[in-house]
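Enquirer: Below are the features I grabbed from TrEMBL:
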BINDING   A:H122, A:Y126  heme binding site
TOPO_DOM  A:1-9  topological domain 'Cytoplasmic'
TOPO_DOM  A:31-143  topological domain 'Extracellular'
Amino acid sequence: MKLKAKHQRLTLVVGALVALGGAGVLAFTALGDKATYFYAPSDLAAALPTDAIRLGGMVEEGSLVRAGETITFRVTDMRAQRAVTYTGILPDLFREGQGVIAEGTFDPASGVFRADTILAKHDENYMPPEVAGAMRKTASVQE
Amino acid sequence: MHRYANPTRFLKIARIATPLTLALGLILTIAGLYIGLFASPPDYQQGESVRIMYVHVPAAWLGSGGYLGLAIASATALIWRHPLATIAARAIAPAGAAFSAICLMSGALWGKPTWGTYWVWDARLTSMLVLLFLYLGYLALAAAETERGGERKGAAILALVGAINLPIIKYSVEWWNTLHQGSSISITQGKSAMAPEILTPLLVSVAGFTFLFAAIVLMRMRALLAEQRVEARSRRLAEAVA
């Protein structure tokens, strides 16, 4: 049976797309976490990396200490945490309980992460301040 | 399907649909942006800079949605050889490129006050930049093909190959750690992490941008068809003279 030219082209395009998709999946698997923008504290092995990396997670509640322009805090992903120190200007959204990405290196002696850049992450929740205030109140009543 | 592929029938529908979509697009965009910029509350974390979202999100959705349209039109042109499909693809590309550029620029302006940076090479931002480059590549290739004449397949194939970037953009925030946050709205799960006061102007603005996009595509398609007719006529005239 000979296919109509139209159907031949359809098969060709669908086949090409399937092959392309397969190539994409293979490329992804090879890429792995190389395309990741930052590592979470629990992604890091016991032996700390010596190169510059980005460390990301939440600023642990109650861990932030300010001493002039220098701050120290702990980054947590709820499974592991790391102490971070930074001197400089912070983005407006930087605060306890919010996402943060720190670029820098680990101090091999103390294991403290020395950041030279701090970026604030924000989450996918959007609400007016009054709603957030009301929610915080309900949460503290429940505690 | 072939019924609507007829350029004459299409032009008859487009003549009515163009002013209609344009008017709807303008009204809804102005309404959405007015509520978003003046009559909606600030965000509890980001404050006033959240208002950039009412431009950024519709532009992002139409930039990537437009590419889906470009890929479908290109596949139709390749398989069924519909002349109107090629015209549609040619008309969608510049509009999609413009919306992607708006998305990238508004995102940079939003990133500085919230994240602390205009740009990072994370998976979401990078894949969106690749989308803009795919549009620009398509436009350049399509222009070269039009000039050269003959069979025009290269640009359509590029559009199809580039479609692999669409799921990468969508899921980049889930597959990798990114600075860009995850999706707030899930259409498949019908969930939204946005308060209704913020979601409503966003959806109005998205509807407005969508109609504007449709109006731009219709106008460009009509212009391209008219151009083709002029060219065909002058070719016939030149032949008659010779």
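Glycine is treated like the rest: Cβ placed from N, Cα and C.
Keep in mind that TrEMBL annotations are predicted by a computer and have not been checked by a curator.
Note that the structure is predicted; figures quoted are calculated from it, not measured.
Give me the lay of the land around each of these features.
Expert: Within the same chain, no residue at least 6 positions away in sequence has its Cβ under 8 Å from that of A:Y126 (heme binding site). For the recorded site, A:Y126 (heme binding site), the DSSP three-state label reads strand.
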Enquirer: What is the number of other Cβ atoms found within 10 Å of the Cβ of A:H122 (heme binding site)?
Expert: 20
Enquirer: Looking only at the topological domain 'Extracellular' (A:31-143), what are its DSSP counts of helix, strand and coil residues?
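Expert: Within the topological domain 'Extracellular' (A:31-143) the tally stands at 22 helix, 42 strand, 49 coil.
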